[in-house]
Amino acid sequence: MFSLQSDARQHQPQLPPTPQQQQQLLPPVVPTQLQQLFGANASGGLGFLGAPIGSADLDEVSFSLQLLDDSADIKPLIAKPLEGDEDVHLALAHQSYKAGDYNQALEHCNAIYRKNPKRTDNLLLLGAIYYQLHDFDMCIAKNQEALAIDPHFAECYGNMANAWKEKGNIDLAIRCYLIAIELRPNFSDAWSNLASAYTRKGRLNEAAQCCRQALALNPRLVDAHSNLGNLMKAQGLVQEAYNCYVEALRIRPSFAIAWSNLAGLFMEAGDLNRALTYYKEAVKLKPTFADAYLNLGNVYKALGMRQEAIICYQHAIQARTDYATAYGNLASMYYEQGQLDLAILHYRQAINYDSAYVEAFNNLGNALKDAGRVDEAISCYQSCLALQRNHPQALTNLGNIHMEWNMMSVAASYYKAAISVTSGLSAPFNNLAAIYKQQGNYVEAVACYNEVLRIDPLAADGLVNRGNTFKEIGRVSEAIQDYIRAVTIRPTMAEAHANLASAYKDTAHVEAAIKSYKQALLLRPDFPEATCNLLHTLQCVCDWDDRASRFAEVEGIIRKQIKMLVLPSVQPFHAIAYPIDPILALEISRKYATHCSLIASRYGLPAFRHPLPIPVKAEGGRRRLRVGYVSSDFGNHPLSHLMGSVFGMHSRENVEVFCYALSQNDGSKWRQRIQSEAEHFVDVSSMSSDVVARMINEDKIQILINLNGYTKGARNEIFAMQPAPIQVSYMGFPGTTGATYIDYLVTDEFVSPTRFSHIYSEKLVHLPHCYFVNDYKQQNRDVLGPVCQHKRADYGLPEDKFIFACFNQLYKMDPDIFNTWCNILKRVPNSALWLLRFPAAGEMRLRAYAAARGVRPDQIIFTDVAMKDEHIRRSALADLFLDTPLCNGHTTGTDILWAGLPMITLPLEKMATRVAGSLCLATGVGEEMVVSSLKEYEEKAVALAENPANLQALTNKLKAARMTCPLFDTARWVHNLERAYFKMWNLYCSGRHPQPFKVTEHDMPNSHMTDSLREEAL
């Protein structure tokens, strides 16, 4: 009498239970003829959970108790034998009714009615016919006519109650059933139908009592058995429900509804094959059983048999042409197959038959959005919300549209609205987390991802996203834990393996990183990010197998991505150390700069108003130039080691310095020094990027310096918001930013010659001597002592050999330079090459590579990385430093020159390849250390090793120059930088666009600094 019917408005299959979840149920008695369909285990019970297993997300198939069209048991009274035409017509009417030919039955009954309108048995049959024709008003009218003649006609009250129930007046239906039962207490069908009415009102206990009363009166009433089974299921009594369905089938094996309900139990238990068998039996017994076809389609869909599912939904529609749910499920199948036009058509048909079909409006919106018809999609989502004001999926989908439009605040409001009405939907939490993360609000992002994982602890995507957030804020060990959990849950998730590899690489577990990258590529060979990051990781440990082909593949990927307007998989910081075309490196930076602009646009800030373009000290102008430095490296980092004195050395008479720290206080002496010496120091690490930009603008900064570029911890979106009128790249990133919002790059004539200006997006500002500042004169004077505090024996270095050294990170090396080093070692037999385990995983490969080229094992010596002071002091134990041309030693190069150790360097074209040459030249003796080819590099190294007197003379000149040369004169460098700043500002005040210029040095006393600045600004 009623069936389990899927609302089919959602689309994910249920999951099967685990063995630990299964229950041991008591075996019901199963008739022999049913065992062929139930299988050998039928009598042993089902062994499934009493509740469906699945998530509360949009795509979920659920089952609910609903009435079928023929669920009410309409009882036409069997006529007694009659004489004449009435007898014939009534017999034919019954025959037609049983055959389902209701219109023919109606003709016969009307013939009787015209002759004898007061014949109650005919009126009862007429009411039943009108019920089957869905003319419930006429059904009620005919039964009322009969009751006017015979007020004690119990069957009329029962049938009239059925009609009122179909019209939605359940309370009136219940009253009619109760009258029928009062007139005839043994009226089993009335008891059964009263049960269905109580069920509609949610009065399940009373409904169950009615079913049991019906069965007490008529134990063979299969409808009552089936209804009682549904009630048991609704209360979680799955075994009892199973027993009821089986009993109904024992009595009547052809009872299709019981087969369908039994199938529903197995469907929810995850036993899809059993469910499939029983739904097939239901539609075989009743080919017009629309609900069974619908649920059979759901089973096929869960089994991945999509075409079979489509056919079942089509059968359901054929059986019931106005079946909105079947249209909705069919539309969903077309949607999943990418057939958007058919999906849209069928969703519209579903809505046409059920104008309150909330999920159809939402899903139609999804299909329209995917078809590019966004305005129509929005209209559908709004219609959905008109029907259900707090529909979480529609709110989330509207949020997604606004997120794609970069209207982040609007998108966030929709996600928050969705979260406020449901705690069981992960999508709004996930998407809101993405917004928080983009805005630098990592605490809130992590909190949202925690909610995603609360809703679904096995959400691998959520684990990866939270891991990514942890990694960005330096909590790498927690990130690794999340990635490991993700790959455990979903071993085929290539992204999780790739992100795990990246985290391993960040924690110096390079071999594990390589393994994970390779696993990611095994799972997804076409994975550009994994391909490019694997290359960089292999470069870090000097794994040069197939190096040329790998670089060719990566370059092909980059060019394709740039052409497709996709963010390149090679980061700008990696590109500076790759042997790729400088123009391609510029294009990579440009794409990343554009991406930063996109992130900035998501904050929806209006354009900032900048300080008026009035020269400093002019009437109406400021007394000092306001300069802001933005960095994540104010702490124990090479940048602070090099620039520690700069911020306090600025002339407070001419420049007002603001430092904006993107990282938290690490408690180091470098952080404390900068914080105490800078005129203004602000920790903005906990602020979102838009708040930082507003602060910079409110501070009326005139020149803003980006000390990060594309290094770790950068928040370039702050610069993309353009809070200051002049924005400059300096020091942190030795390359072009490719950003239209960065006006100048501070460099020097050697590092960035004018002839190479085409590989930079910024206007080049050439400082005198070397652009690369350092702080050794202030912080490391003890190195200048005549006696080295360290001995070669402390580091396993032979006393009697010539020691070549390279302390650069291993990723800066390539086969060309290492082959040159091997040649040098073979030509200078009594020599060794001192390298760092930077990282340690590269040692084995480099030793093997050298041995394969005839270098003795004792000629390669590795030591661990040392703390800064020790590193500088022990550098003097070597005889000659060998630089890496692909990417020079920058900080390391400055370290060894301050230690008095000469170097050989080969400048190429890109900025990162020329810094060491500039360092050498700024000592005043650099001409003897800079070469123009690998051949000259090799010859120079061998010549210096074989001529100790020449090398000693060079070493003595270098050591003698340290206290007087421009390279180590920090105060002089700061004065020159201030000249550059004033030149930038005065160009801006004159209304001219940024243009390249050279800073000329004036050897004037400090007291005349202001006059000098004014002269430079002219």
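A Cβ is built for glycine as well, from the same backbone N, Cα and C atoms used for every other residue.
Taken verbatim from TrEMBL:
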DOMAIN    541-779  domain 'O-GlcNAc transferase C-terminal'
DOMAIN    790-977  domain 'O-GlcNAc transferase C-terminal'
REGION    1-24  region 'Disordered'
REPEAT    120-153  repeat 'TPR'
REPEAT    154-187  repeat 'TPR'
REPEAT    188-221  repeat 'TPR'
REPEAT    222-255  repeat 'TPR'
REPEAT    256-289  repeat 'TPR'
REPEAT    290-323  repeat 'TPR'
REPEAT    324-357  repeat 'TPR'
REPEAT    358-391  repeat 'TPR'
REPEAT    426-459  repeat 'TPR'
REPEAT    460-493  repeat 'TPR'
REPEAT    494-527  repeat 'TPR'
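Over the repeat 'TPR' (256-289), the average per-residue pLDDT in this prediction is 95. For the repeat 'TPR' (494-527), the DSSP counts in helix, strand and coil order read 27 helix, 0 strand, 7 coil. Helix, strand and coil residue tallies for the repeat 'TPR' (222-255), in that order: 27 helix, 0 strand, 7 coil [DSSP]. Distant neighbours of the repeat 'TPR' (358-391): 7, 9-10, 58, 324, 327-328, 331-332, 335, 340-341, 343-344, 347-348, 350-351, 397-398, 401, 417, 420-421; these residues of the same chain sit at least 6 beyond its ends, with a Cβ under 8 Å from one of its Cβ atoms. Note: the repeat 'TPR' (324-357) comprises 27 helix, 0 strand, 7 coil (DSSP; helix = H, G, I, strand = E, B). For the repeat 'TPR' (494-527), the residues of the chain that approach it from at least six positions outside its boundaries are 460, 463-464, 467-468, 471, 476-477, 479-480, 483-484, 486-487, 533-534, 537-538, 540-541, 543, 839-842, judged by C-beta separation under 8 angstroms. Here the repeat 'TPR' (426-459) is broken down by DSSP into helix, strand and coil counts: 27 helix, 0 strand, 7 coil.
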